[in-house]
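Some features that TrEMBL has for this protein:
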TRANSMEM  B:25-48  transmembrane segment
DOMAIN    B:27-256  domain 'ABC transmembrane type-2'
TRANSMEM  B:60-85  transmembrane segment
TRANSMEM  B:106-132  transmembrane segment
TRANSMEM  B:144-167  transmembrane segment
TRANSMEM  B:179-198  transmembrane segment
TRANSMEM  B:227-245  transmembrane segment
Amino acid sequence: MTDPAIAAHGLRKSYGDKTVLDGIDLTVPEATVFSLLGPNGAGKTTAVKILSTLVSPDPGSGPIRVGGHDLATDAQAARATIGVTGQFSAVDGLITGQENMLLMADLHHLSRSEGRRVTAELLERFDLAEAARKPASTYSGGMKRRLDIAMTLVGGPRIIFLDEPTTGLDPRSRHNMWQIIRELVTGGTTVFLTTQYLEEADELADRIAVLDDGRIAAEGTAEELKRIVPGGHVRLRFTDPAAYRSAAASLGDASHDDEALALHLPSDGSQRELRAVLDRLDAAGVEADELTVHTPDLDDVFFALTGGTAPSRPNKSNQPNQPEEAVR
Amino acid sequence: MSSFSLAVRDSSTMLRRNLLHARRYPSLTLNLLLTPVMLLLLFVYIFGDTMSGGAGRSAYIAYIVPGILLMTIGSTVVGTAVSVATDMNEGIIARFRTMAIHRGSVLFGHVVGSVLQAVVSVVLVGAVGVAMGFRSTDATAVEWLAALGLLVLFSLAVTWIAVGMGMGSPNAEAASNNAMPLILLPLISSAFVPLHSMPGWFQPIARYQPFTPAIETLRGLLLGTEIGNNGWIAIAWCLGLTVLGHRWSKAQFDRDPE
C-alpha cells in the first residue's frame, strides 16, 4: 500500500477566536498504531472529530485524506473505511446490547444471518454475551465502553479512531483493550489513538505525536521521543524537613522539590553513576529516607514538551508500572 | 446500492429503532394522549350543555371530535420534539454521522415513526369519541379516505415542524416548552366554538392558522358541513409546513455538532 491510511496537512480549527488546532500535519501508514498524546484541551478530540468527518476543518486547512479519500470531496467514501469510538459513549441506552449490535449490522447492510453471526461473535469476544439482552443503559461504564468498541468493529473498518479508549477503565479492562488493539493491528487495521496515558502510547503506538496547545510539539517512535530529554536522575526523598534542608545545602547541583521534600540528582541510571552518587551522599553525611533511580520515560518527554516542569511530577502515583527501582 | 434504495433501507432501519423505543417506553406516547381525551370528556360532559348553546350533547360531540382529532396530532408530535431533542444529545447520533449511511435517514426515521404514532393516536382518540356517541353522518368511502389522507398529511406537516423544534432545543425540557404552540394553537382555533361566535378582533387569529382550515375540512368530510376553500387552504398549510420543517430540520442536522 503506497497510500497512507491517514494523511492530513495543515489541519486547522478554531471556535470563535480560540484556535484549537493550529496547522498540524499527520501521516499514518496502514496497519500501524498512531497515538496522539497531549494534556486535556490540547486539541486531541477535535483532531479525531475532523478526521472522522464529524466536524469540518477550517477553510484554511490543507487536504485531508482518510482511507485514500479526500474528506472535502468524498467524505462518504472515507466514512465507509472508518470506525469511531469517541470519548463519550455512543451506544443507544434505550435498547439492549444485542439490539445495538444488530442496528450496526443493519446500517452496514449485512444480511440478517451475517448480522447475527457478527453480533454473537463480537458480544462473545467482548465478554458481553451474558448481558446481551439487557438495556445498554443498565451497563457499567466498562461494559458500555466495550459495547461501544464492539459496535465500531461491526462493519470491519480498515481504520479505527479511538478517543481515549481506556479512560475510566480498571487495569484489567485496560489490558484487555490493549490486547484487542494489538490483534486489530496484526489483522491489518490502522488505529488512530488519543490518550493522556503515556504508558499506553508507549505500549501500543508505532508512532507518537505530542500535541500541545494546537501544535505538534514532537513526533517519533517512543524511543526517539525519549532521546529528546536529557538523562535520568536519582531522587532522594526525606521525611524530616531539617534533614532535607541540610542535604539541599550540601548537594548544590540538585534540583529541589520542596513540597515533596525531595532532591533530584542527574544520573543516567548506570551502576557506575549510582555508586558515584552514593559516595557523594556518604561524603556529605546525607541519609535519605528513600532513593529511587529514574530513567527517562515518556512522562519526562511529555512534561519537557508541554511546558510542565518534570521535577514536581504530579499524579505520579496514578501511573502504573513506573520504570523505577526503589532502593531503600 | 442506488442512493434511493440506500435512503429507504437506512430510513427503515432508523424507523425500527424509533419504534423499538416507543414500544419499550410507551408512557411518553400514552401521556400525550391524555390531554385530548381529557379535553374531550371535559368539554362534552362538563361544559357541553353551555357550549352547545342548547343544540344538545350529541350535536356538540359531533362538532368537537374533528378538532380533538387534529389536536391529538399536535399533542403526539410534542413527544416527537422531545424524543428528537433527547436523541440528538446521545452519543449514538455522533456515531451515525461518521457512518456511510444515508444522511437524512436519522430524521426520516423519526418522521415516519412520528406519523405512524400520530395515526394510531388518532384512531385511539377517535374510538373514545365513537364510544361517547360520535357518529359520522353519511360520509362516503371517498370522504373517509380523504379524511384519512388529510390526517396523515397534517401529521407529516406538524411532525417536520416538531422535528425542527426538537433539533433546535438543547434538552427535553426545552423541547417540550418550544413545542407548546402545537398544543395551544388548536385551543384558539374553531375546534370548540365556531369562529363567528368569537370576538371580532380575535377571529383573524383563529382563522389564519393551520388548525382551523384542517378542522373545517375534516368536519366537512365526516359531517357534511360546508368545506368551501378550507380544503385547499388546509393542503397549502400542510405542504408549506412540511417544506419549511424539512428544510429547517435538515439545515440544523447538517450543521457541525457542538
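Every residue, even glycine, has its Cβ placed from backbone N, Cα and C.
Bear in mind that TrEMBL entries carry predicted annotations, made automatically and left uncurated.
Between the transmembrane segment (B:179-198) and the transmembrane segment (B:227-245) there are fewer than 3 Cβ pairs closer than 8 Å, counting only residues 6 or more apart in sequence, so the two stretches are not in contact.
Among B:25-48, B:60-85, B:106-132, B:60-85 has the largest number of CB pairs under 8 A with the transmembrane segment (B:144-167). Long-range Cβ contacts of the transmembrane segment (B:106-132) within its own chain (Cβ-Cβ under 8 Å, at least 6 residues beyond either end) map to 7, 11-19, 22, 29, 32-33, 36-37, 40-41, 44, 61, 65, 68-69, 72-73, 75-77, 79-80, 83-84, 87, 93, 96, 151-152, 155-156, 159-160, 162-163, 249-250, 253.
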